[in-house]
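Just below is one structure, and these are the notes that go with it.
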Amino acid sequence: MNEEYDVIVLGTGLTECILSGIMSVNGKKVLHMDRNPYYGGESASITPLEDLYKRFNIPGAPPASMGRGRDWNVDLIPKFLMANGQLVKMLLFTEVTRYLDFKVTEGSFVYKGGKIYKVPSTEAEALASSLMGLFEKRRFRKFLVYVANFDENDPRTFEGVDPKKTAMREVYKKFDLGQDVIDFTGHALALYRTDDYLDQPCCETINRIKLYSESLARYGKSPYLYPLYGLGELPQGFARLSAIYGGTYMLNKPIEEIIVQNGKVIGVKSEGEIARCKQLICDPSYVKDRVEKVGQVIRVICILSHPIKNTSDANSCQIIIPQNQVNRKSDIYVCMISSAHNVAAQGKYIAIASTTVETKEPEKEIRPALELLKPIEQKFVSISDLLVPKDLGTDSQIFISRTYDATTHFETTCGDIKDIYKRMTGSEFDFEEMKRKKNDIYGED
Amino acid sequence: MASATDSRYGQKESSDQNFDYMFKILIIGNSSVGKTSFLFRYADDSFTPAFVSTVGIDFKVKTIYRNDKRIKLQIWDTAGQERYRTITTAYYRGAMGFILMYDITNEESFNAVQDWSTQIKTYSWDNAQVLLVGNKCDMEDERVVSSERGRQLADHLGFEFFEASAKDNINVKQTFERLVDVICEKMSESLDTADPAVTGAKQGPQLTDQQAPPHQDCAC
């Protein structure tokens, strides 16, 4: 490693691996290291199950009822891919799709008055849903048609709304939608975690609802996809892409020092050796003095031996508990997957409940979600800090990713990737830049 | 047995469905034992003597026939990630056969075989088949690993054994064909032959960038 690189990347989380892949494809000489002996950092899927017990300091070995340890791949951070979202676009442009198989999540549900309901998002589903009364359904349908036709570049589709000025609250009023419908539209379709969006210009919200509907239209059952063997497959796929284009990978590398000269990074010291670089990408855990805490997320991994009640025995689903329903400021999410995704032993389900911490008793905050999951065979609780870089890295050329937030998809992660790319290269992120160049050999016969 | 035409198989780069089965095969072993050369000799019948560390090779495809069945071999390269033992666990998924390779002129590469074998057993499918190959058998003068030691280790690990040379084209084709035979034998023993891992079927939906037609299910 005693060499000079264009870019050194520390940490093999999804953000770091995607950036590493883009840099390598574009001819940069990349050295990618991780202090752990495995890929993925916080976005790893832990396997075998014994390692998960150790990680959470649960005494003793997993009971025999848990099956074979290596059949488990347990995500630490629950997320799904939006079928029409940016991560899918990145997978397609890079052809990392070659390395992965996906399944469509079976359903998306929303919590209302202690019960869960399937989220309606097409006109037909809305009309059939028991979430709304008849008149409400008509109004909601009109709203969905408006959103589907809305095009931010075509004023003829605005119908008197100014996308950059009119608040979303006003748009709801225009369609005369009631509080319950507003709740599930904002939280289960637009996937906002709080109600702050109501007073912001409506363009963003309408586009989020469009993303949801277009993602849903892809494969039917839900707008979400999940990779077989767990989310940890995603960073590994992008790591292979980077390696194919010459990226060097080293795991199990303790990082002793990030060497900075006159305020700018010049290299990284590991096991006494120094690798030099022009730019550095890393996750917050490698630069604790350069990041700040902006909040906390609680995540509870629950192992179940049954599908969640009232989900028609779905082998995978998402449940959103809108904040209003449980007197909170931010939503509670549940992501559930199962042995059908090669992440758990036969007949087992993994449900991960998560939310942004608002009080001193986070475990109490998440209780409404755990109530839906009972009986829970084993629980693994984590409370982690949300860390963001203190500066943009312009001077230091150290570009730090943000920790994964409480959202249940990868749109904010992709936003962070695009932003780091722009700060590193000075040019706007372009998906075309991710495309493999011609020297990639594959296929033929 | 399920065939490609009735499965949902549809990887973009192999969109022609002119095959009955697809086998994913991995070549694994220490750096510079000749994995990529071996792959190129088999797939393209070419050989480049200069040592170039592997860059830019994902996998190559070769179709062969067995008992009137067309079998598409997708043979994957390590992308150089074997150098520091950082091959992703994702790489092993769905592989039905392995060529575990060492260099007969390099003791270290032979000593690493046990380790690679453990990796394969840990991360691959239970029924995956492995062949041990001692490459560079044209370099008899520099040999440090005798055929006998190679054979003994193969016996110990329960693998079949070949010595081969990508440079002189010795036993290359034979290695792949034997591996295919072993996989086929295992397949006919296996009861669950509709397993997508066997037919090479991609599970789940194929991701595309094409927009699905909007729902036209207005009911009023």
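The backbone N, Cα and C atoms fix where each Cβ goes, glycine too.
Just so it is clear, the model here is predicted, and its values are computed rather than measured.
Now, the feature entries from Swiss-Prot:
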MOD_RES   A:MET1  N-acetylmethionine
MOD_RES   A:LYS112  N6-acetyllysine
MOD_RES   A:SER130  phosphoserine
MOD_RES   A:LYS269  N6-acetyllysine
MOD_RES   A:SER382  phosphoserine
A:LYS269 (N6-acetyllysine), number of other Cβ atoms within 10 Å: 14
Protein Cβ atoms within 10 Å of A:MET1 (N-acetylmethionine), excluding its own: 17
Modified residues compared (A:SER130, A:SER382) - the one with the fewest other Cβ atoms within 10 Å: A:SER130
A:LYS112 (N6-acetyllysine) to A:MET1 (N-acetylmethionine) - Cα separation in whole Å: 56
Between A:SER382 (phosphoserine) and A:MET1 (N-acetylmethionine): CA-CA distance (Å): 35
Rounded to the nearest Å - Cα separation of A:SER382 (phosphoserine) and A:LYS269 (N6-acetyllysine): 31
Rounded to the nearest Å - Cα separation of A:LYS269 (N6-acetyllysine) and A:SER130 (phosphoserine): 61
Cβ neighbours of A:LYS112 (N6-acetyllysine) where a neighbour is any other Cβ within 10 Å: 17
